[in-house]
Amino acid sequence: MGGMGGGGLLDIYAMAWEHLRPGSSPVDWCEGNYLISSNIAEFVNTFSNFLFILLPPVLIMLFKEYGRFVTPGIHVIWVLLIVVGLSSMYFHATLSLIGQLLDELAILWVFMAAFSLFYPKRYYPKFVKNDRKTFSWLMLLSAIAATGLSWWKPIVNAFVLMFMSVPTMVMLYTELQRVSDQRVYRLGIRSTTVWAVAVFCWINDRIFCEAWSSINFPYLHGFWHIFIFIAAYTVLVLFAYFYVESELPQRQPLLKYWPKNEFEFGIPFISIRNPGKALRNTI
């Protein structure tokens, strides 16, 4: 029995090492491997995640008021974006299966956290009974289930993420039809445009790699990282605005830009014109 147990443990260690091994992921992007550095598989794809690391701390600062008077959960999302960046850097540096899973799961948890906080109640399923805490528990259980499935069948991740991203953009379009603030509407148009450019980069890198490599530019996945971060965080800012407008209108949300409010290509954030008392039991 002891020998069998030891053998089983060795098998587990061997499997874990296989998943950690560089190149163990079935996914390989267009950029050539180990061309710039002998220690980093995809150099450009690795360091093009810089916005995921640099900008969330700024967003945490800008959303300090929002976190105090609307929901502190907004800061969880900004921290999760850092996790996405670090996971993506690890994946592209190693092309390991564990890196791929960490990258995809971090994105999944950003979606679930955002849905928990900002998903409009009018789209809730009936059994949730219009209760955000119940819906948040549903999202948590869904995230745990999807995480388990992803380790069992990694291919599940791609389908889950695609299933969530397209309806999110459709929902953004629907919400934009309801807003009266033209600054918010313009940000929505810019976010959607950047998202479309990001998807264009992803598809071209994945499907037309040979064509882009023929002109010595196999770096579109790196641009995907930059554009998708801009699209993702601006969409999150928009849904943070929609949430207050819909459920806490007395707070009077206002879209602003940093460092100069008049410059609409700065960093957007939500200011609260009528803070009132800090909320205690907000998810």
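Here the Cβ of each residue, glycine as well, is placed from N, Cα and C on the backbone.
Annotated Ca(2+) binding site per Swiss-Prot: Asp28, Trp29, Glu31, Asn33, Glu42, in sequence order, evidence recorded as similarity to another entry. In this structure, Glu31 (Ca(2+) binding site) belongs to neither helix nor strand by DSSP; it is coil. Sequence-distant neighbours of Glu31 (Ca(2+) binding site) (same chain, 6+ residues apart, CB-CB distance under 8 A): Glu42, Phe43, Val44, Asn45, Pro218, Tyr219, His221, Gly222.
The transmembrane segment annotation in Swiss-Prot covers 43-63 (among others). Only residues 6 or more beyond the boundaries of the transmembrane segment (43-63), in the same chain, are considered here, and those with a CB under 8 A from a CB of the stretch are 29, 31, 35-37, 74-75, 78-79, 81-82, 84-86, 88-89, 92-93, 219, 221-223, 225-226, 229-230, 233, 240, 258, 267, 269-270.
What Swiss-Prot lists as transmembrane segment is 69-89 (among others).
His221 (Zn(2+) binding site) has a Cβ environment of 21 other Cβ atoms inside 10 Å. What Swiss-Prot lists as Zn(2+) binding site is His92, His221, His225.
Residues 19-20, 24-25, 27, 71, 73-74, 76-77, 80-81, 83-84, 87-88, 90-92, 132, 135-136, 139-140, 142-143, 146-147, 150-151, 154, 157-158, 160-161, 164-165, 168, 232, 236, 239-240, 242-243, 283 of the same chain, all 6+ positions outside the transmembrane segment (98-118), place their C-beta atoms under 8 angstroms from a C-beta of that stretch. The transmembrane segment annotation in Swiss-Prot covers 98-118 (among others).
Residues annotated as transmembrane segment in Swiss-Prot, with sequence analysis given as evidence: 134-151 (among others).
Taken from Swiss-Prot, the feature transmembrane segment covers 154-174 (among others). Same-chain residues lying 6+ beyond the ends of the transmembrane segment (154-174) with a Cβ under 8 Å from its Cβ atoms: 97, 100-101, 104-105, 107-108, 111, 120, 123, 146, 188, 191-192, 195, 235, 238-239.
As annotated by Swiss-Prot, transmembrane segment applies to 187-209 (among others), with the evidence given as sequence analysis.
Here Swiss-Prot flags 222-242 (among others) as transmembrane segment.
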Near-site residues: Ca(2+), ref Asp28, Trp29, Glu31, Asn33, Glu42, CB cutoff 8 A to centroid: Cys30, Gly32, Ala41, Asn45, His92, Leu95, Pro218, His221
Structural state of His92 (Zn(2+) binding site), classified by DSSP into three states: helix
